[in-house]
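Asker: Before we start, here is the structure in question, set down as structure tokens.
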Amino acid sequence: FYRLSAHLDGPTYAACAGHLQDLLCQECSPYAAHLYDAEDPSTPVRTIPGLCQDYCLQVWRKCRSIFRYLSADQELIALENNMAKFCHYLSLEDTDYCFPHLLENQHLNQNLGLVTADAEGCLQLCLVEVANGLRNPVAMVHANDGTHRFFIAEQVGLVWTYLPDRSRLEKPFLNISEAVLTSPWEGDERGFLGIVFHPKFKFNGKVYVYYSIEVHYEERIRISEFRISSADMNALDHGSERIILEIEEPASNHNGGELLFGDDGYLYIFTGDGGMAGDPFGTFGNAQNKSTLLGKVLRIDVNNNDRGPLYRIPPDNPFLNDPEARPEIYAYGVRNMWRCSFDRGEPQTKEGKGRLFCGDVGQNKYEEIDIVEKGKNYGWRAREGFSCYDKKLCANSSMDDVLPIYAYPHKMGKSVTGGYVYRGCESPNLNGLYIFGDFMSGRLMSLKEDHATGEWQYSEICMGTGQTCMFPGLINNYYQYIISFAEDEAGELYFMSTGIPSATAPHGVVYKVVDASRRAPPGKCRVEPLPVKVKSKLIQFVPKEKLIVKTPTPRPRLKATTEAPRGGRTDPESPHMPAVDWGGQAPPPTGNRSRTPTTPAPRGRAPKPRKEGERRRQRRKKKRPSTAPPLRNGAVRLMEQQGRGQSQGRVEVYIDGEWGTVCDDGWSSSAAAVVCRQLGFPFAVRASKKAEFGEGTSLRILLDDVQCVGQEKTLLECAHADIGTHNCSHEEDAGVVCSREEVAEW
């Protein structure tokens with residue numbers, strides 16, 4: 001700063017020194033990876049952080065000369081005297097993360113939490129407020145000892161005991177806040193992250209915790225064992241801590257944090273990839289490196305560890321005999337799994353019991369849900385969701401990675417929070433639904449397995465409107481930032497969220513999920529908790545949230561997508577989801593907290609206003625109105641050698657006023673599904689290559705390197721090379737074969 005400010009004269013220094021310092025300091029911002037586009041390996045890292053338009057205009061008018069000292073980018077310097085081009089060059093595509101709005105808004109991305117109710121396919125559920133006033137509640141667990149107590153952990157390092165009547169003990173169950181490493185800034189991923197009771201807690205009194213620490217300026221994650229106090233069944237003995245495992249963290253993000261015990265009695269530990277962006281460690285990243293414990297699912301045996309080693313390696317761990325792998329590893333290739341759960345199984349048949357579901361937070365495009373199995377590779381950093389992230393690594397046939405059961409793009413949410421398969425008693429219609437959410441957008445979502453196909457069907461969850469939740473004790477709104485999900489001892493489902501995602505902000509609330517449309521028969525789900533000896537003062541629960549009753553506003557109906565692409569995933573803009581570009585919305589009025597609204601909003605985008613010339617032309621042609629709608633960017637058609645194709649043909653795409661072809665580099669069944677769905681076909685039989693349906697030599701090649709997930713609305717929403725840029729010929733024109741009925745692939 002001092003070196004650069006020496007170039008400024010007195011008046012310029014007075015006007016611009018603050019801007020100079022602010023811009024320099026963004027390299028140390030916790031959001032630097034976003035501000036400098038450092039997360040996408042296919043784009044160069046910026047020399048100037050991405051600026052919000054209004055701020056850029058302000059700086060340009062008074063201080064544009066400082067940029068020649070900040071950056072050696074000759075293209076930027078050449079634009080110095082053109083305000084519009086200069087600020088366009090410095091703008092950031094993802095406006096959620098432009099400077100300074102990102103740092104000035106204390107409610108980070110508050111505008112992403114506008115989950116709307118939908119009576120047409122969106123599951124309308126209600127909530128019961130269970131606890132409030134919590135500082136980033138990261139976990140809620142039970143002891144499985146018949147008492148039906150639940151224990152809620154705060155990110156700062158305190159764990160509180162709650163009784164079945166929702167009263168809280170004044171004395172914390174655990175307080176290691178002085179040892180836990182975290183901070184007040186919103187989005188800090190460090191802290192107390194996980195807690196689990198030993199399956200035999202009733203007999204051995206053991207509890208395991210996962211938290212961040214700092215040792216001699218080195219950040220680590222620590223997994224420790226505590227024992228219950230001999231004097232108080234509602235408090236751990238703080239002097240009993242035994243450190244089971246410590247792992248060095250090279251960065252402050254991607255710390256993992258889940259601890260679970262499986263039906264096999266072993267402890268499962270879920271670690272992040274070490275942080276930064278793109279897993280840049282080593283040749284292939286930490287997640288693919290089996291000699292490190294980062295980016296993994298670990299499984300260890302902590303049973304009967306009072307003597308001898310603190311943990312042992314289960315004899316069937318998959319890499320036990322691999323000399324180049326850590327024997328603790330159960331699965332690998334994960335980025336930062338945030339919240340995992342074991343399926344309890346269908347209550348009667350126990351079908352599905354033991355499946356391990358995880359939400360793995362994505363990089364800059366997709367979030368995913370995985371079912372974790374022993375010895376499997378979950379693809380990171382080669383793959384993000386169904387899409388290639390590291391193209392070289394993705395092309396390696398030896399990867400043999402497992403694809404997620406579901407992935408969604410960042411216009412639906414930017415940080416998945418894994419949930420549970422509902423197996424409770426009180427809401428029987430929810431049985432078998434995997435319910436999860438997104439921390440950033442505030443969406444609640446669900447997946448249901450189609451047992452005939454093995455695919456997972458998506459449904460969004462909305463808060464009940466009208467009279468749906470007008471029952472005593474029910475509410476229909478929640479705070480945006482969904483931090484975690486939980487089950488109680490009876491298997492009922494809960495989630496935790498907050499209006500201010502800071503470890504020191506006491507705005508966290510715990511909600512119980514209720515399906516008011518069908519409740520279990522009275523008395524069927526009654527539990528009789530074992531008595532609890534309480535030695536601490538009890539703080540009675542006082543609910544604060546209210547039912548919000550609003551009249552739904554009418555909106556146009558949209559045509560439903562008739563068939564989901566691969567994996568049973570529906571188009572993210574089908575009628576049961578808001579067709580809203582979340583990143584492009586204006587934020588709601590600033591308040592101390594944000595809630596998800598319950599009034600449905602109109603869907604879709606308003607038609608673009610016509611230019612004046614177009615209106616004049618329409619008036620002249622009034623006698624012969626055209627019935628064909630105007631073509632939109634991304635429209636597609638199928639062509640064969642003899643002419644227009646019906647259900648099969650060469651894919652031609654309309655972009656910026658011209659038709660063109662698509663190269664088959666990267667062309668896949670997911671891309672074919674996008675095209676077929678655009679044309680009204682529910683099924684894509686196959687993706688065609690090598691100009692099978694003829695060469696479109698009279699047209700330009702407009703798209704190359706197309707990579708789709710299958711959920712996109714048009715090919716333009718898929719990843720692709722720049723329009724008109726390609727390294728192929730018409731001999732590689734891509735095509736599709738579509739069908740209205742499901743048929744075997746050719």
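A Cβ is built for glycine as well, from the same backbone N, Cα and C atoms used for every other residue.
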Asker: Which residue in the list Cys718, Cys728 does TrEMBL annotate as forming a disulfide bond with Cys708?
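Answerer: It is Cys718, per the disulfide annotation in TrEMBL.
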Asker: For Cys708 (disulfide bond), just count the other CB atoms lying within 10 A of its CB, please.
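Answerer: There are 25 such Cβ atoms around Cys708 (disulfide bond).
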Asker: Which chain-mates of Cys718 (disulfide bond) that are at least 6 residues away have a CB under 8 A from its CB, listed by sequence?
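Answerer: Expected: Ala671, Val674, Val706, Gln707, Cys708, Val709, Glu712.
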Asker: Treating G and I as helix alongside H, and B as strand alongside E, what does DSSP give for the domain 'SRCR' (636-739) in helix, strand and coil?
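Answerer: Output for the domain 'SRCR' (636-739) reads 16 helix, 39 strand, 49 coil.
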